[in-house]
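Positions annotated as domain 'Major facilitator superfamily (MFS) profile' by TrEMBL: 32-467. The annotation transmembrane segment is assigned in TrEMBL to 105-125, 137-155, 196-218, 224-245, 291-311, 323-347, 354-374, 386-404, 416-435, 441-462.
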Amino acid sequence: MVDPSPLLTQNSNLENKTVVSTGRACSLKLLQSIIVALAWIFDGQQTFITVFTDAKPNWKCLDPADPICKSASSPCHLQPGSWAWSLPPDTSIVSEWSLQCADTVLLSLPASAFFAGCIVGGLSLSTLADSVLGRKMLLILSCLIMSLAGCMTVLSPNIWVYSALKFVCGLGRASVGTASLVLSMEIVDQQSRDRIGVLGFAFYMVGFMTLPIMAYVGRNLTWRLLYLCTNVPSFCYAFFLYYMVPESPRWLMVHNQNKACYSELHEPNNSSDEKNNFYSSMKILCTSRRILWMLLAVMATSLGISFVYYGMPFTVKNLETNIYISVGLNALSELPASLLALFLTVTMNRRSSILTLTTISGLSSFACAFNTTIGAARKMQLAAEVISYCGACTAFNVLMIYCIELFPTTIRNTAIALVREAGLLAGVVAPILAAKGENNRFWSFGFFGLVIVLCGLSCRCLPETKGSELSDQIEEGENNSVGNC
């Protein structure tokens, strides 16, 4: 018997195949985005690794009956044979290179050099993701530079070579988080965008969280081993990324390198040849006064958040608590920060979330600025420090997702890199303030709390982007750049 509706049957089969094919494509994109987000693990490890490798180890008196040694707060003025390190000298650069009496500025030099390298790397490399290299190749290049410099750090004979290599490591690390965030969120659709962005921050927490664990397990081993354990996997990841992940379809579309992308996204109006130049995105950004002011506002917000974000792990030792537990609690607070960021991005608008979080973080930081000898008060201050850090983490996560939505594809990576650059300025100064805060906590906790509250007010001038589509061209971004100020 002849089928009365052969065309309907064929159309139904075709629709089923299309649905299956679309489902597989979405699953593949989601998997690729997760692979890209894994780069945040290595970003988190390298950001705070000096908290352990550069820490002052404990020391002990060789003669317990020596009254001079027992009354000394540091071994600087003691006779060479009257004291010794509690752990092997090569567990820290301080004990290996005899820096226990060095100036606080010299001790904070490697950490500051790392963040200075991040600033230079962000300015010189990040814009290439919007022009000739693309998101994927910049991420691979950044991982290779960061991991190779980190591996070479184990050969450092003194603090000066060590600081120089930390600068190069920061040069590569500068674009890892930025390129990873932009690429992972541009691969997936709008429904998965917020979740993938928060997933990257969760992986950052995994990287940060593994540091105190590895440092505690290897506390009797050389500090050089910690660098190898964190940088060798990063080096291998760069090659894995090259073969497993494609370039961003939005970047390919804007640069006319993949005509197939036009079937997924609307065709852009590319009227300038500047897109082929190395630093064209920086030129494009500066041509729009509205977008430039919008960029300055989010940079100011990032600066304030980053003083707490980068400063707390270096300052928490001033609370006179166990460094492994304190830093571990900070790292662990990244998980609720990621979950809270996901909740806020789904339920609340961006500006209100950032204003609330920066205020809570600032007030909690102020609570840690007072010296106390009461055990219960110290525990409360440690809790306040964790709340302050968690608030800053959540605010930073929301701000990064906010920036993805604020700026168009043609300048997105450059704009977000500049926002992180502003935060890295705080990263350069924060270790120095943390060292100064050993004698007066207002230099650290007090200053951090004041700056984050004041700078958080800058986001009031920004437009709301919740539920909006990503823009591709500078003209679209200008249409959305009207705020309340």
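A Cβ is built for glycine as well, from the same backbone N, Cα and C atoms used for every other residue.
Quick caveat, the model's predicted, so the values are computed rather than measured.
Summarised as a single figure, the pLDDT of the domain 'Major facilitator superfamily (MFS) profile' (32-467) averages 82. Remote same-chain residues near the transmembrane segment (224-245) are listed as 32, 35-36, 38-39, 42, 45-46, 49, 52-53, 90, 136, 139-140, 143-144, 146-148, 150-151, 153-154, 183, 211, 214-215, 218 (criterion: CB distance under 8 Å, separation of at least six residues from the stretch ends). Nonlocal intrachain contacts for the transmembrane segment (137-155), taken as residues 6+ away from its ends with a CB within less than 8 angstroms of a stretch CB, comprise 36, 39, 42, 46, 121, 125-126, 128-129, 161-162, 165-166, 168-169, 171-176, 179-180, 183, 224, 227-228, 230-232, 234-235, 237-238, 241-242, 247, 413. Spatially, the transmembrane segment (386-404) is not adjacent to the transmembrane segment (105-125); fewer than three Cβ-Cβ distances between them are under 8 Å for residues at least 6 apart in sequence. Spatially, the transmembrane segment (416-435) is adjacent to the transmembrane segment (441-462); three or more Cβ-Cβ distances between them are under 8 Å for residues at least 6 apart in sequence. In this chain, the transmembrane segment (105-125) does not touch the transmembrane segment (354-374); fewer than three CB pairs sit within less than 8 A of each other, excluding pairs fewer than 6 residues apart.
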